[in-house]
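Everything below concerns the one structure shown next.
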Amino acid sequence: MKVVMARLMAMMFVQYVVQGAWVLTLGLVLSSYNMADIIGNAYAVLGVATILSPMFVGMVADRFFATEKVLALMHLLLAAVVYLTSMFIVGENKMMVLAGLFFVGLIYYPTVALTNSIAFSHVDGSRHFPVIRMFGSIGYVALGLFIGEMGWSGDVMTWYVASITALIMSAYCLTLPHTPPKMAGREFSMRDLLCLDAFALFKDKYFTIMMLSILVLMVPKTAYSAYIPVFLKAIGFDNAASMMQIGVAMEVLFVFLIPFFLLKFGFKVTLMTGMICWAIRSALFAEAAVSGNTMLVIIGLVLQGICWDFFFSVADIYADKKAGENIKAQAQSLRFIASNGVGLFFASSVCGYIFNSQVSDTSAAGLPQWYSFWYIAGAIAAAVFVAFLVFFKDDVSNRQESK
């Protein structure tokens, strides 16, 4: 078990180094190459890409090919597409950059669900997955500190790093524990092609509420991931990538509390703790925008640990508990589509509209303009918290306790 855990931890580490290299400061990179006006569009096309591919790739992994081999192929393709897109960024070709981002998302985002599926297939999810996933956060921190110290926060060099590490990940995937397709040999049907087995999970009322909550909470999440590098620069932090690692480091620390919270309080309370912290953090950023108090920003960055771990990471575990043994990869893909597919498209459209209507000056002089941007994001998170409190029931934890 220790050897398997170590291999899965290494998998998560490299997986999120790859992601961080191209997405961590995407908004700042686009802004540096005179394309700040397409930041919202960039995240929107990533959302569309995520809607299209993860379920199909999950079905392929569940039925036809070993998951680790599918993962290796996806990262090999990713390395090539990331490199091509970096050339479009340097050329400041907005349409080709958006097209490149679409294909980057089309290829990369299914790999997140596949790495989760591999991990859940070889360890007990509730006990071991948070620790395995923690190494993804460690990889993200290491990458962020590296590009920050190199002075590449707003430079296309981050994309070259992504391409190289994707090649490394492709090779490493072939060494991962064998994860055969759980439905291999069964007759293939249109139901499989459309991944209807996973969509049947929506018959479960509480699973549907969970997915809708993820979708709407993507608004404050996207406000953070897409625009926080620009906000940090405006408020006076020159090294955005390094500053953002405060939040990712907190993810590493708080992930250890997930098993305790799930055992002591169950899914509902744990998820709601994450939700309310999204609202609190947005309010802190809003107040910092008008006061210039950088300590509020730092506190907000620290809250990233609770925001991410207690909501999105716990949502992964919830989806795994709800899914049957035969559709684990599809279930993870479905959860991911709710956030980084439909959710990201919806949220980036909303955030792009709010940003373009509220923030006309991204320099220090325009800092007070961010007040409305952050407070709107916080209000949305608070509304999700209230709705979840009223309508969601934690039937998964109750079922586990009765066994």
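Yeah, the Cβs are placed from backbone N, Cα and C, and that goes for glycine too.
Not measured: the values here are computed from a predicted model.
The transmembrane segment annotation in TrEMBL covers 12-32 (among others).
What TrEMBL lists as transmembrane segment is 38-58 (among others).
Sequence annotations record features per position, and here TrEMBL assigns transmembrane segment to 70-90 (among others).
Summarising the annotation, TrEMBL assigns transmembrane segment to 96-119 (among others).
Residues annotated as transmembrane segment in TrEMBL: 131-152 (among others). Residues 5, 8-10, 12-17, 19-21, 24-25, 116, 119, 123, 158, 161, 239-245, 248-249, 251-252, 255-256, 313, 316 of the same chain lie 6+ residues outside the transmembrane segment (131-152) yet bring a C-beta within less than 8 angstroms of a C-beta in it.
Taken from TrEMBL, the feature transmembrane segment applies to 158-176 (among others).
Within the same chain, residues 23, 26-27, 39-40, 42-43, 240, 244, 271, 275, 278-279, 281-282, 285, 304, 307, 311-312, 315, 318-319, 322, 334-335, 338-340, 342-344, 346-348, 350-351, 354-355, 373-374, 377-378, 380-381, 383-384, 387-388, 391-395 sit at least 6 positions outside the transmembrane segment (206-228) and bring their C-beta atoms closer than 8 Å to a C-beta of that stretch. Per TrEMBL, transmembrane segment is recorded for 206-228 (among others).
The feature transmembrane segment is assigned by TrEMBL to 240-262 (among others). Counting residues 6+ beyond its ends, the transmembrane segment (240-262) has Cβ neighbours under 8 Å at 24-25, 28, 126-127, 130-131, 133-134, 137-138, 140-141, 144-145, 147-149, 152-154, 228-229, 232-233, 269-270, 273, 298, 301-306, 308-310, 313-314, 317, 397 in the same chain.
If you look up TrEMBL, you'll see 295-315 (among others) marked as transmembrane segment. Counting only same-chain residues 6+ beyond the ends of the transmembrane segment (295-315), those with a CB under 8 A from a CB of the stretch are 130, 133, 210, 214, 217, 221, 224, 232, 235, 237, 243-244, 246-255, 257-258, 261-262, 267, 270-271, 273-275, 277-278, 280-282, 284-285, 287-288, 335, 339.
Taken from TrEMBL, the feature transmembrane segment applies to 336-355 (among others).
Marked as transmembrane segment by TrEMBL: 370-392 (among others).
The listed stretches are 12-32, 96-119, 336-355; of these, 336-355 has the most Cβ pairs under 8 Å to the transmembrane segment (370-392). Ranked by Cβ pairs under 8 Å to the transmembrane segment (96-119), the stretches 70-90, 158-176, 336-355 are led by 70-90. When each of 12-32, 158-176, 336-355 is checked for Cβ pairs under 8 Å to the transmembrane segment (70-90), 158-176 comes out on top.
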